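Colleague: Annotation comment: Swiss-Prot describes 10, 11, 12, 13, 14, 15, 16, 17, 18, 19, 20 as ATP binding site. According to Swiss-Prot, the feature Zn(2+) binding site maps to 189, 199, 202, 205, an assignment based on sequence analysis.
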C-alpha cells in the first residue's frame, strides 16, 4: 500500500518545521511548498530549503508570487517599517490574504499529487493576531476546498490540518525537540539578514525567544 501523502506549507520558520516533523511521525510522505512572494529577505526561503533537505521530504517546491505588487504589509512593502514593539489590533506585518493564497496553491498541488491532507503551521495562542491564523479560517477554507475541487465534489474530501493551532510556543518547541527538529536551521525573524541572523526585536523574534525560554530549552537563534 502506498504511503499516504501530505502537502505542507513550509516557511522556514520554527512552526512549519515542527509541522513537517509531526506529519512524518504520523506516517505521511511529505511534500513541502514555500513561496517567494516578494518578502523582505530570502533568509526564510534558504531556511525552508535547509529544513526540507535535512528532514528528507519527498519534494520541496518554491512558487513565485508577486505579493509585493499589492503591498499593504511591512513584510512586502519596504516603505512600511517592521514594528519593534507589541501593537494593538492586527499588526502591519499582516500580509493581505497570504494564507488564503498559499493554501489555494497547496490545494492545487495536493489534488495533482492525489494527496488529501494539507498541513499548515498556524497558531492561535502565542501569535501576532493575524485573522488567517484562526481556527475559523482553517475550518472555512476546508469547506471551500471541498466545494472548489474535482476531488472534493467526487467525494474524496480534503482536510486542512493545523496541529499547532492550540499549542503555546513553548509546547511547540518541546514537541519539535522531541521529534528531533534542528531549530538552528530555521529562521523566524521578519527582518533577518542574508545569513539568517535575527534582529531580536520584532514580534516574531519575541515570540520565538519567549517560547524557548518557557520550554527551558536553549535557543539556537543567531542574532546580528
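For all residues, glycine too, the Cβ spot is worked out from N, Cα and C.
Remember, it's a predicted structure, so these values are computed and weren't measured experimentally.
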Colleague: What is the separation, in Å, between the Cα atoms of residue 202 (Zn(2+) binding site) and residue 16 (ATP binding site)?
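Modeller: Here the two Cα atoms lie 19 Å apart.
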Colleague: Considering the binding-site residues 199, 202, 205, which residue's Cβ sits among the greatest number of other Cβ atoms within 10 Å?
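Modeller: The most densely surrounded of these binding-site residues is 202.
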Colleague: Which chain neighbours of the ATP site, leaving out 10, 11, 12, 13, 14, 15, 16, 17, 18, 19, 20, have a Cβ atom within 8 Å of the mean position of the site's Cβ atoms?
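Modeller: Sorted by sequence, the hits are 48, 51, 121, 186.
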Colleague: Can you tell which of the binding-site residues 10, 14, 18, 20 lies nearest to residue 199 (Zn(2+) binding site) in space, using Cα positions?
Modeller: 14
Colleague: Sorry to bug you, but what's the C-alpha spacing from residue 189 (Zn(2+) binding site) to residue 20 (ATP binding site), rounded to the closest Å?
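Modeller: Roughly 19 Å, rounded to the nearest whole number.
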Colleague: Other than 189, 199, 202, 205, which residues of the chain come within 8 Å of the Zn(2+) site, judged by Cβ distance to the Cβ centroid of those residues?
Modeller: 82, 188, 190, 191, 192, 198, 200, 201, 203, 204, 206
Colleague: Give me the long-range Cβ neighbours of residue 189 (Zn(2+) binding site): same chain, 6+ apart, Cβ under 8 Å, in sequence order.
Modeller: 43, 197, 198, 199, 200, 202, 204, 205
Colleague: Relative to the Cβ position of residue 18 (ATP binding site), how many further Cβ atoms are located within 10 Å?
Modeller: 27
Colleague: On the three-state reduction of DSSP, what should I expect for residue 18 (ATP binding site)?
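Modeller: The residue in question, residue 18 (ATP binding site), is helix (DSSP, three-state).
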Colleague: Looking at Cβ-Cβ distances, which residues of the chain lie under 8 angstroms from residue 16 (ATP binding site) while being 6 or more apart from it?
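Modeller: Long-range Cβ contacts: 8, 9, 10, 48, 51, 120, 121.
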